[in-house]
Amino acid sequence: MTSGSVFFYILIFGKYFSHGGGQDVKCSLGYFPCGNITKCLPQLLHCNGVDDCGNQADEDNCGDNNGWSLQFDKYFASYYKMTSQYPFEAETPECLVGSVPVQCLCQGLELDCDETNLRAVPSVSSNVTAMSLQWNLIRKLPPDCFKNYHDLQKLYLQNNKITSISIYAFRGLNSLTKLYLSHNRITFLKPGVFEDLHRLEWLIIEDNHLSRISPPTFYGLNSLILLVLMNNVLTRLPDKPLCQHMPRLHWLDLEGNHIHNLRNLTFISCSNLTVLVMRKNKINHLNENTFAPLQKLDELDLGSNKIENLPPLIFKDLKELSQLNLSYNPIQKIQANQFDYLVKLKSLSLEGIEISNIQQRMFRPLMNLSHIYFKKFQYCGYAPHVRSCKPNTDGISSLENLLASIIQRVFVWVVSAVTCFGNIFVICMRPYIRSENKLYAMSIISLCCADCLMGIYLFVIGGFDLKFRGEYNKHAQLWMESTHCQLVGSLAILSTEVSVLLLTFLTLEKYICIVYPFRCVRPGKCRTITVLILIWITGFIVAFIPLSNKEFFKNYYGTNGVCFPLHSEDTESIGAQIYSVAIFLGINLAAFIIIVFSYGSMFYSVHQSAITATEIRNQVKKEMILAKRFFFIVFTDALCWIPIFVVKFLSLLQVEIPGTITSWVVIFILPINSALNPILYTLTTRPFKEMIHRFWYNYRQRKSMDSKGQKTYAPSFIWVEMWPLQEMPPELMKPDLFTYPCEMSLISQSTRLNSYS
């Protein structure tokens, strides 16, 4: 063996081993190699816009160029590159067409008469090869209007007002390859109208008013490759072979029509068809053999129709299919073996479809699948062998984390801690406070308990976020369908509804006692306890009803990772949507309106009673303090509920709401009331401040006595709360004299300003 031969073999084997070192890297299921290095990354780190491999390999080949785009590049681009239609165009830019209309432009053998208000086809010399008559006023094409243009190859008639075309209108156009009739008013094409167009390859008739077509319509189109009938009003396709006179047809686009069903005979002669687009029609039924003749089909687009059921073997003959779009159909169930025959499938779109029976078995046979699109990113866990799975997030969660944003992951703990601490602090203080108004104290404790549940809800969400950190996608679907998620979601609704009802109850109490001090009805202890119990029972009923009937409410709380049913899902039943609207735009909106109206009336009433006061300056100061307190109470309610009302209202109008909105609302906006209620209703009130001062004074006195070695008996830690009256003569300070706020308000209406100062 010569040295040259040895060098040749070394070179060949060197390249082989070098290549194999990267391509033969074996990664476990759900992981994919980083090009030519021995490193594997999980599915969620591929095609995420970040160079996680270090050599950009995880971001290479992320574009989905399968289906029509690949077919276009493969056939049309290469074909027209090889067959240049205008070899003289660059060499002869001057006009070579004789008798050109004054308003038209000419270059070489191309004529441009766009937007020249032409009402008929102009008469020019017969050597023209391209004629553009767009944006004119042409209403009809009479017989033989193009008969002299034997060399015409491109004809543009878009955006005219064409309503009728004579059967002989295109007679003589033996060289025509592209015909554009888009954006006109054509309602019918007579059979044989294209009879002389034997070389026509592109026929574009989109955005017209065609209501029916038949095989004879396309008689003579032996060379047709592309037929576009988008956005017409076709209601059905013929039950005869559609491609009978179009044997070379590769691309058929019927998007945006009103087609209801597809017949078995329609595509029986379309054996060369590679792209079939049927999206945005009204197809509700498919026969098992509908696509059987289309054995060369590369892309099938059935998105945005009304298909509810897929026959089990409907795709069995589509062995060459590389792209399938079934998105946004109300498909009830997908068979486990639905895609078994699509061995070459590379792109699968299932967006907008709730796959209740999803399982890995559905996608396991699709070994060439590189792109898959779901309604929920949680479904990506059922296709771990697919490199690119979308969506990566729902705005709330991501493939890695239950809470996608680092800000949310931090603040869920901060907000929950503040909420729980504030409310527990107030609850724990109550046993040490001797209050003359026990009923009000009871209501405040009840409110704190409800608000504390919101903090517990956020703690649980934060805890599960920690538990699933870095691998949430593996657990996402099970988590949202779990009992834990259902209970956590119901806990949030329980907290929300009880808090809303209690705030309304407390507000109405204040309203009656201040606005109608001499007519207020005293409910008494028994009635107050009954009201509080009824509020909690109502909250429990509202929160747990969705758990009682799964068939009616479906997965009511499990529509997102935070288990909060803020906005409607497409898959929700009508009853569940009505129920959700009744809560947020019924109970809560009514309560918010009552609170705003009541506080406005209270302030107005106090302001009116202060007009006759002698100490005007003092009254103005007290009114300002009162106004500030009322403002902050109403403002926090508005800050919490107005965004929620807006989101719910928009979802009712079917406006698409980003998932990020839901997560920010749940973590930052919804807990506002729960976190601030202890501050507004307890910690900033005058009795609390006086109690703190008294406690501090007693503490300093005791410390002073102890330092002098004297024994002292300091008064016990007491907070005497007089709500809404907080300044009373000593002779009226008797436990049995005033037991309810309304009675105290009878003494003097002018002293009401002290209630909130």
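Heads up, the Cβ atoms here are built off N, Cα and C, so glycines get one too.
Disulfide pairing as given by Swiss-Prot: among C40, C47, C62 connects to C47. Candidates considered were C34, C40; the recorded disulfide partner of C27 in Swiss-Prot is C40. Swiss-Prot assigns Y440 and Q477 to topological domains with different names, so the membrane separates them in that record. For C485, the disulfide partner named by Swiss-Prot among C420, C428, C563 is C563. There are 20 other CB atoms within 10 A of the CB of C53 (disulfide bond), with all protein chains counted. Checked against V50 (Ca(2+) binding site) by C-alpha proximity, the disulfide-bonded residues C27, C62, C485 yield C62 as the nearest. The DSSP breakdown of the repeat 'LRR 9' (344-365), given as helix, strand and coil counts, is 3 helix, 3 strand, 16 coil.
Residues within less than 8 Å, Cβ to Cβ, of C62 (disulfide bond) and separated from it by at least 6 positions along the same chain comprise H46, C47, S388.
According to DSSP, C485 (disulfide bond) is assigned to a helical segment. Straight-line distance linking the Cα atoms of C563 (disulfide bond) and D52 (Ca(2+) binding site), rounded to a whole number, equals 31 Å. Cβ neighbour counts within 10 Å, taken over all protein chains shown, single out C34 as the most crowded of the disulfide-bonded residues C27, C34. When the disulfide-bonded residues C40, C563 are compared by the number of other CB atoms within 10 angstroms of each CB, C40 has the fewest. Residues of the repeat 'LRR 2' (175-196) grouped by DSSP class, helix first, strand second and coil last, total 0 helix, 3 strand, 19 coil.
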